[in-house]
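Copied from TrEMBL, the annotated features are:
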| type | residues | note |
| --- | --- | --- |
| BINDING | Asn29, Leu31, Gly56, Glu77, Asp102, Asn127 | S-adenosyl-L-methionine binding site |
| DOMAIN | 36-212 | domain 'Ribosomal RNA adenine methylase transferase N-terminal' |
Amino acid sequence: MLKDIATPNRTKEILKKYGFTFKKSLGQNFLIDTNILHRIVDHAEITEETGAIEIGPGIGALTEQLAKRAKKVLAFEIDQRLLPILADTLSPYSNAKVIHQDVLKADLKGTLEQEFENIEDLMVVANLPYYVTTPILMKLLEEQIPVRGIVVMLQKEVADRIAAKPGTKEYGSLSIAIQYYTEAETVMIVPKTVFNPQPNVDSAVIRLLRRPKPAVEVQDEAFFFQVVRASFGQRRKTILNNLVNNLPNGKQKKADIEQALSTAEIDPKRRGETLSIQEFGKLSDQLLKSFR
Ligand code: SAM
């Protein structure tokens, strides 16, 4: 029987057989520790009823572990050089399929509908390419693809920002953007030694469970996110100053902003980083009256 792909020796053998060289620009840091992979798949609660979606299969280390437990795995890989390798390494797994595509350009909804026709439970599981972590997560969430959740490896520093609570220095517009759609939790801190090559930064695995509906109901979603971004414009400034400086025509509308803060019962001297998602929701609905 073949050894798992994610062992230092088997990975070395595969890379050598195909003369593969890593492209740093594509965030290629492959996992070489089966134990870590098992734990990632455990956190995703994959069963034989689950359809798993992977972004960036590399040489198939995680794909293999997903294929062993899921009903089907669909993996998006941008690097053409990996396709013949994956055809080889994944040949024992008839339930694994690789699509050669930049996930950021993919029609995800259409593809998932087609590929997972009779599968209800969908989960994204990936060791993400770090240079595009945030755009990938935002695409998955904003396009509202019908998944139960997302379990991904990423930079620890980004995981800290995503899962941050109000009143901490990590809390910001990324925390709110992600927690608006999901319940976020860091489930593992991962040492550099489990990758080949080792990345320059520390890593973590985060679990995002999709909320049945967003964390707060707002009248205008795009405006809500505009208010959030404006509030974090300069972190050391008060919420009032940030809104005045960063909302369109904020200076002329200072009195309206003060009024909206007062109606939403938010002290204008507070900083954006202390406001909960619910408070941002209340505030954006009040501000909408004068910014519509
Ligand atoms: N899953 C493998 C593992 O854990 O060993 C590889 C993970 S590696 C961190 C990231 C993978 O994503 C690489 O295979 C890279 O080629 C691929 N990738 C990078 N950008 C991508 C994109 N925009 N769309 C799809 N795949 C991408």
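For all residues, glycine too, the Cβ spot is worked out from N, Cα and C.
Annotated features, which come from TrEMBL, shown on the structure.
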| residue | record | CB count, 10 Å |
| --- | --- | --- |
| Asn29 | S-adenosyl-L-methionine binding site | 23 |
| Leu31 | S-adenosyl-L-methionine binding site | 23 |
| Gly56 | S-adenosyl-L-methionine binding site | 23 |
| Glu77 | S-adenosyl-L-methionine binding site | 25 |
| Asp102 | S-adenosyl-L-methionine binding site | 11 |
| Asn127 | S-adenosyl-L-methionine binding site | 27 |
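Spread of the S-adenosyl-L-methionine binding residues is 20 Å (greatest Cα-Cα distance among Asn29, Leu31, Gly56, Glu77, Asp102, Asn127).
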